[in-house]
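Some notes on the structure that comes next.
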C-alpha cells in the first residue's frame, strides 16, 4: 500500500513539475522585434509593432525564389500601450510576445506631447524587455521608419543599435533613459533618426527631452553637435575630426579615440563657474595639406588648429544649449549634485532659469599618437 | 543528527542571502538613496552583534535546543511561554517566504499556474527532504547550493560591470542625512538578525571548535553579498530607478547584455532563488517541528511535520496581498527581532549566569 502511494506521488509530481499547462510553443507566438509609438491626430496613442515572420527568414537564405517578407508591421490605436496591444492582437493569429523587443521608436508628435506617462509598462510588465534601444523619429512618425527595409539585416529594429555602435556611440538603452529621467539634473539626450524616402532611414543626431516637464521634446541636435554632446556626457567612444588648414583650406582628418571628458565646478562667491575640458588621442587618417606631421613644428600647428576648431564647435554647442534651448544638456546639474550636494539643493528649484546665465568655459586638447603611414602628404 | 562547522556556515548564509538580496535592496535604497550601501554595512554590524549574542547563549548549553534549555533555565511553564513568540515568528516567516516565492514564480514564469500548486510542490519537496534526513540533509543541501548561489551572484555582478556608472554613487551622505542612513539599515538588519535560528541549530554541531567564528563569518558573508548587490544596483540603475524596482536584483540580471550574445541570464538566477527558498522552507519546517516536539514532549518530532507543513501552507495561502507581506516584514523588524533575537536570548543568558553562580555556591557549601 505504502509503495503504491509512493509511486503515485512520484508520478503526480513528475507530471506537475513539467509545467506543461503553462507551455506556449514558439509557433503560437508573434515575436515583437520593434515597436513604434506615435501620437495620432486625435491625440490617441498609436502603437506599431514590427513582428517577425519566421517563415520569411528561412526561405531567403536557401533560395531566392518564393521570398516571403521577413516581418510585418501592425498598427493600432489605444488608450495606452497594452490597450493598443489588444487591438493589434485582433489582427494576428498568434499571441504577442514582448520579450524580444529590440527597439522602441518614438514619433516626433509623441515626443512633443511628452512620453513620461508611458514609461511604466516597459519596466513593470515582467514579459517586457529592458534591453531595448530607444530612438526618436525626427520629422516623421515611428510607423514610417519601422516599415523601412534595412540593407543588411532582416529587421530594422536589430540594426539601429548596431548603427549607433558603428557611429562610435554607446547604444542608448531604455534603462539609460530611465536613469536620466529620474536623475537630479541630467536631461536625456535620445538618439534621433529620420525617414528619408530616397535613403531609407538616416541617423539625425539627438532629440533633447525635458525631464522636468514629462519628457517633452524641445529640440534636436544635429549629428555633429550630438557627437560633441555625447563626448561631454561620456557616451562617445570615438569620433572623426576634419579641419581645414592653411591658405588653400586643405583638409586634415583625425580619428580620435580614448576620449576623456571632465566638468569642473568652481564656486566663486557662491556662484558656480563651470569648466568643460575634453581630451582625445588619435591618429591622422587623411592629410591633404602641405604640413608634415613627422616634423615637430608642423605637428604642433596641426594639433593646435584642430583643438581650436573643436573648441569653437563645443563653445557653439554650449551657446545653443544656453540661449536657444535654455536647457542643461551636459549634465552639469547632476555634476553639481555629486560634487556640492548642499549647494545643489538651493540651486535645483530654479536651475532652468539659472542655467542660461552660467559662466561656462571650454578647453579641448587633441593629441596625435600616430601620424599614419605617410609622412608628408602624397 | 549532526552538523559540521562548514554546514552551519553554508546553511545560515544560503538561507539568508537570497531573501536579503531579493527583497532588502530596494527598501534600503528607498530611504537612504545612494548611501544605501552604508546602511547595509551598519545592518551587517547589527546582524553580527545579534549572531554573537545567540551563538554565545547557545554554546553555554551544548547539545540542547532553545526549548530544552529555556525550560531548564526558566522552569516548565515560563520556559514554554517564552518560546511562543518564536513559533509565531518562524511560522509567519516561512508562510511569508513560501508566498513570496510562489508569487514571484507566478509573475515571471508560470503565469497560468494556480499559486497553491506552486506552494504545494515546493512544500512537498521540503517535507520529503526534512522527513528523510532531518537537519543533516538540509545541511548537506546547503553545502551544495550555497557555493552555487555564491558563484552565480558573483558572476551576475561581473557580467554587469559594463553597465555600471560610477558617478551614480555620489554624493556620499549628501542627499540623505545620517539619520536616514541608520533608518534604512533596519530592514536589512532584521533579515540578518534571522540568525537567531542558531539557538536551535547549534544543538546539532559535531564539535564546538570555531563555531563562533563560523557563525559570525556566515552572517558577515551574507552582509557582504547584499552589500555588493546594493552597490551594483546603485551603479547600474542609480538611486531613483533602483528604489522603484520591486525585485531590483532580478532587474539587474535582466539588463545583462554582453556583445548581444550573453543575454537573458535571468533564467539561471531563478534557480538560485528556488534553492534559497527551498533551503529556507525546509529549515524552518525542521526547526518548527523539532521545537514543537520538544515543547509538547513528543518523542518523534517527525510526526509534528504533519502539523507544521500544512500550517505553513495555510499561512502562505491566507496572505491576501502585497500589503500584508510588507506588514509581516514590518512586524518582523519591529517586534520579532527585538523579542526573539535580543530580549529573550539576553534573558536566557542572564539566567544562565545566575544559575551557574548558584551552582558554584552550592559546590562551595558542600566542600
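Cβ from N, Cα, C; glycine included.
Looking at the stretches B:170-188, B:189-207, the one that TrEMBL records under the feature transmembrane segment is B:189-207. By number of Cβ pairs under 8 Å, the transmembrane segment (B:7-25) is matched best by B:261-283 from the list B:73-93, B:261-283, B:335-354.
Two recorded stretches are said to be in contact when at least 3 C-beta pairs lie under 8 angstroms, sequence spacing 6 or more; the transmembrane segment (B:261-283) and the transmembrane segment (B:113-132) meet this definition. Sequence-distant contacts of the transmembrane segment (B:304-320), counting only residues of its own chain at least 6 positions beyond either end whose CB sits under 8 Å from a CB of the stretch, comprise 91-92, 94-96, 98-99, 102, 115-116, 119-120, 123, 126-127, 130-131, 281, 284-285, 288-290, 292-293, 296, 298, 328. Listed as Cβ neighbours of the transmembrane segment (B:219-241) (distance under 8 Å, sequence separation of 6 or more from its ends, same chain) are residues 9, 12-13, 16-17, 20-21, 24-26, 28-29, 33-34, 36-37, 40-41, 43-44, 47-48, 51, 150, 153-154, 157, 160, 163-166, 168-169, 188, 192, 195, 248-249, 251-252, 255. Sequence-remote contacts of a segment are chain residues at least 6 beyond its ends whose Cβ falls under 8 Å from one of its Cβ atoms, and for the transmembrane segment (B:73-93) they are 66-67, 194, 197, 284, 287-288, 291-292, 295, 308, 311-312, 315, 328, 331-332, 336, 339-340, 344, 347-348, 351-352, 355. If one looks beyond the transmembrane segment (B:335-354) by at least 6 residues along the same chain, the residues whose Cβ comes under 8 Å of a Cβ in the stretch are 50, 53-54, 56-57, 60-61, 69-70, 73-74, 82, 85-86, 88-89, 92-93, 189-190, 193-196, 199.
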